[in-house]
Amino acid sequence: VRPLYALVSQTLRFAPVLEQLLAGSALLRVEKKLSPHLAKVLVYDLLFGNGLRSGGRWKARVRQHRARLEAELARMKVQQKVSRNEDLLGPSLSSAAPQVPRYVRVNTLKTCVEDVVDFFKRQGYSYLGKADSMQDLRGLAGKKFLLDLHLPELLVFPPQTDFHDNLLYTSGHIILQDKASCLPAFLLDPAAGSHVIDACAAPGNKTSHLAAILKNKGQIFAFDVDTKRMATMNTLLTRAGVTAFQLAQQDFLTVDPSDPKYRRVAYILLDPSCSGSGNVQGCSQAPAARTLANTGSPTGMVTRAPQEAAASAQRLQVLATFLHKALSHALSFPALRRLVYSTCSVHQEENEDVVQAVLQESGLAFRLVHAFPSWPCRGLPTFPGAECCLRASPADTLTQGFFTAVLERCEEGAAAPRKKLQVAAKENPQQGEGTEPGAAPKKRKRKKKPGK
C-alpha cells in the first residue's frame, strides 16, 4: 500500500507537468482507450518514478511511447530553461510537500493515548504535551510530538513523519488519518449501543473511528460498491479490532430506508463522492479523493482518481445534484436523529449550497447544529445559519481542505450533542484555540502495550 500511496501523491503533485506531457506527446490520441487519470500515473512512474514496474496490460503499451514522451519532456525543459524535473513545477509547487503535520489517531479499541505516548517515547520521540495553539503545531520539527488542541485522541508529528512500517500502525493501534477527516465521526458522536450508517465508507478510517466511539457496542452498516475496496476495508477494520459492523456491497442511494434492518438507525455519517478539491497535492496522509469518475456517472460515487486542481462549472453542477440527492436520501431514514455531512471539497456548490437546499426542502424536520463552537473556520456566509458549518484548510487549520455540517431532527427527543460536547460548551462559551470539546484524555484502565 505504501508505494502506491507515494505514487499517487507524486502523480498529483506533478499533474500540471503530466498534462503537458500527454498533450505534447499525443499519447491519448493514439491510445484512445487509456483513461487520462491512469495515463498520468503510468507516465509519472515511467519518467520520474521506478521505471513502470506495474500497470497491468497498459504497461507495455505505454513503454512503446517512451521515446516520444522523453523527447517531449526534454523539449519542455529546454523551453522553460530548466535542467531538473522538479524545476518544471515552478517556484510555487517545487517544495517537497505542503507543510501539513502528520496526524496519528489513537485507536481506543486497542490502546489508549497514554500507552501510545509511552511507546513513542521509548522510540526516541519527545512528547511536548497538549498543544495550546495552532502555532505549536506549525513549530513541530525533528522527533517531537504533541497532543492535538482540538481532538482528544489525536497526536501530531512533524510533516512527512512516516509510520507505515511502525508496529503501532501495522498492528492497528494507531490510524494515520488527517485531522479534518476525524471531524465527522467525532461530531456525529453516537452513543454506545446505537445503530449507525456509514453511507460511503471506503477505505474505512471513519468507520473504525465510529466503532471506537461506540466502543464496539451497537451496529455500523457500511456501504461501498467496489469489491476490491470492500476487501481492503474489511482488512482495515479487522486489524483495528472493529467487530460491530456489517459491510454491504451496495450503492447507498439504492438502500431502502423502510427496510426493517435499518429501523433503529439513528445516526448517519455521509461523506460522499465530491470533486476532491480540498486534497493537498503531495500530502502523504491524504488518499486519493472519493470522486465521481466523470460528469455523467453519479453511480460512480465511490470511484477514486487523481484530481485536477479546478472543477468546471458543469462538473460542479453534476456533483452538486448528486450530493443533494445523497443528503436528501440520508434524511429519509425514519429513525434518524443526527447526521453529519462532509466533503473533501472547498467549493460552495458542493457544501453550503447543498446543505441550504436540502434544509429548505425538509421544512422544519431538521436543523443545523452549531457544532464545535471553538473551531476557528466556519461555513461561508451564504445563508442564515451557515456559520454553524465547519471548514478546514491547510492555511487555517493545517489540514486538508474539508467541509462538515451537523444536522439534527427537530422533533422532541432528537439526539443532542452528548455530554462531552455540552460540558465543553458551558466551559468554553467563547471561540478560541484553547480548550476543545473532550480534548483532555480521560483516565482509563491501561491496556496492554504493543510490542511488550
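Placed from the backbone N, Cα and C atoms, the Cβ positions cover glycine too.
Per TrEMBL, the feature coiled coil maps to 59-86. Taken from TrEMBL, the feature domain 'SAM-dependent MTase RsmB/NOP-type' covers 92-410. Annotated S-adenosyl-L-methionine binding site per TrEMBL: Cys200, Ala201, Ala202, Pro203, Gly204, Asn205, Lys206, Asp224, Asp251, Asp271, in sequence order. Here TrEMBL flags Cys344 as active site, nucleophile. Per TrEMBL, region 'Disordered' is recorded for 417-452. Here TrEMBL flags 441-452 as compositional bias 'Basic residues'.
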* What's the CA to CA span in angstrom from Gly204 (S-adenosyl-L-methionine binding site) over to Cys344 (active site, nucleophile)? -> 15
* Asked: Does Lys206 (S-adenosyl-L-methionine binding site) have same-chain partners at least 6 apart in sequence with Cβ under 8 Å from its own Cβ, and which are they?
  -> Ser181, Pro184, Ala185, Asp198, Leu269, Asp271
* Cβ packing number for Cys200 (S-adenosyl-L-methionine binding site), 10 Å threshold -> 22
* Whole-number Å value of the largest CA-CA distance among Cys200, Ala201, Ala202, Pro203, Gly204, Asn205, Lys206, Asp224, Asp251, Asp271, listed as S-adenosyl-L-methionine-binding -> 19
* Measure from the CA atom of Cys200 (S-adenosyl-L-methionine binding site) to the CA atom of Cys344 (active site, nucleophile) and give the result in Å, rounded to a whole number. => 13
* To do: Run through the Cβ atoms and count how many others sit within 10 Å of the one on Asp251 (S-adenosyl-L-methionine binding site).
  => 18
